[in-house]
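Listed in TrEMBL for this protein:
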- 17-39: transmembrane segment (TRANSMEM)
- 45-71: transmembrane segment (TRANSMEM)
- 92-115: transmembrane segment (TRANSMEM)
- 127-148: transmembrane segment (TRANSMEM)
- 160-181: transmembrane segment (TRANSMEM)
- 187-208: transmembrane segment (TRANSMEM)
- 314-336: transmembrane segment (TRANSMEM)
- 348-366: transmembrane segment (TRANSMEM)
- 378-397: transmembrane segment (TRANSMEM)
- 403-424: transmembrane segment (TRANSMEM)
- 436-455: transmembrane segment (TRANSMEM)
- 467-488: transmembrane segment (TRANSMEM)
Amino acid sequence: MAEQSTNKRIAKNAAALYFRMIVTMLVGLYTSRVILQALGVEDYGIYNVVGGFVSMFSLISGSLQGAVGRFMTYELGTGNTKKLKNIFSTSFYVMMGLSVLIVIITETLGLWYLYNRMVVPAERLQAAFWCFQFSVVSFVLSLLSTPYSSSIISHERMSVYAYMSIFDAVLRLVICYAVMVSSIDRLVFYACLLFGAGVLNQFIYWIYCRRKFTECHMSFVFDKDLFKQMFGFAGWNFIGSSAAVLRTQGANLLLNAFGGPAVNAANGIANSVCTVVSSFVNNFTQAFNPQITKQYAAGEYESLMKLLIYGSKYSYYLMFILALPVIFNAHYILHLWLGIVPEHTVTFTRWIFVFLLAESISRPIITAKNANGHIRNYQIVVGGILLLMLPISYVGLKMGMPVTFVAFANALTAIMAIFARMYMLRGDFPCWSTRIYYKEVFMNVIIVSVVASIAPGLSYNLLPEGLINFIFTSTFAVISSCMSVFYVGCSKVERELIIHKSRQAINTFKSKFVR
């Protein structure tokens, strides 16, 4: 019964996050275009470069946010209310200290860089200054809201998290309209309104969390031992985050050195396509991540093992169903979107999807390892393996391999990292079995991938290029991937559960909308 309740909660949270993603993505696409038109290319560029300078600190804050979320979720799993209150208060004071440090750095080195190194037209320097100030304060507000937003996610109130994101998206629509009709300096006005939206969001988070969660009442508690644990966790997490940044930026530098800006553009376009698809899977994993940590904290290791298997399998299946039509029809889709498709973009897109498929398997394992808290060796080993893509890429390019070899090396090291993560999870909890995980996850996803690719592969190669090929290949890709997942990738019990839940959903729909 407890397992059924957990699955129901995960499904409900995933649905809320998907709804949030669709709304925010559509609003984001619209507001980006409108703001570009309202500000103009020059002011839009100034806002991005100034805001980008401030957001560099998100590498540090992101590591601390991950630590806060992990410790909160863990103590919710153990049911230790007193420790939970200490975590909230300590994390808030940590964020306050970090905010002060960031303000000092940005108001000294940041302003020096703005006035002496940043390329800004002289007549827009004053506007850039105010944009910079509002960006700093907005970033500080987002830091201070971290303990509150972490509480919402740890308590699995994903619907509230989704509503707040949608509310923020609506605010941005209002801001767009206000900027368009404004007669004052639009860049400064835009930055000011975003700051105001941040204040309002912070206030709503504060009110909701104080009313709903007992730990969110501030107390003058600073637990030094807890701080050391959180800071240690965040520090090693920072190494993992840094490895990801180095891998991305290093790949861009290699592509630029061996192929030039045109190749960077092709890689950037491919990443944009893949980011949209991967966001669907990110919402799914975010829905069950708190349960992984809570079950580890509560010592429910058998349920945790099942959740890791299900999480890895279905994260892959979801990504695969979305990715397969794009992998086969990448050129046609990119042509519809761009008109002229830059060279190498199609190959980059396909290899990046392979990388994302490998990462989708790993996400539940990463959460389980974070739940354990012993991440030093894990971050060093896995981060080192992922960084291997840089020397592998460099050697390959020097030997005359095409520039797309960089994307291949990225996918290869991601697959290598899966095995390292599996190995390093041994001993973290009693019921973990590498053999069972390999059998239930790896064997299933390999067979599903091969079987599902046959029909669309034949369609893609036998039919002439164009709309007919796109329609048939996409149709075969979706149908064959869904059927392969259902009949090959799912057990008999899982198939029966899917049929039962589908019938329930249909009956609910009929009772509400069909008379």
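Here the Cβ of each residue, glycine as well, is placed from N, Cα and C on the backbone.
TrEMBL annotations: computationally assigned, not manually curated.
Not measured: the values here are computed from a predicted model.
Within its own chain, the transmembrane segment (436-455) is flanked in space by residues 305, 308-309, 312-313, 316-317, 320, 324, 361, 422, 476-477, 479-481, 483-485, 488-489, which lie at least six positions past its ends and keep a Cβ under 8 Å from the stretch. With a threshold of 8 Å between CB atoms, the same-chain residues lying at least 6 positions outside the transmembrane segment (403-424) that come near it are 247, 251, 254-255, 258-259, 263, 267, 270, 344, 347-348, 351-352, 354-355, 358-359, 361-362, 365-366, 369, 377-378, 381-382, 385-389, 392-393, 396-397, 434, 437-438. Outside the transmembrane segment (187-208) by six or more residues, the chain places 35, 38-39, 43, 46-47, 124, 127-128, 130-131, 134-135, 137-138, 141-142, 144-145, 148-149, 152, 160, 164, 167-168, 171-172, 175, 178-179 with a CB less than 8 A from a CB of the stretch. For the transmembrane segment (378-397), same-chain residues at least 6 beyond its ends with a Cβ under 8 Å from one of its own Cβ atoms are 236-237, 239-240, 242-244, 246-247, 250-251, 254, 258, 369, 403, 405-406, 409-410, 412-414, 416-417, 420-421, 424.
The stretches the transmembrane segment (314-336) and the transmembrane segment (127-148) do not meet in space: the count of Cβ pairs below 8 angstroms, excluding pairs fewer than 6 apart in sequence, stays at fewer than three.
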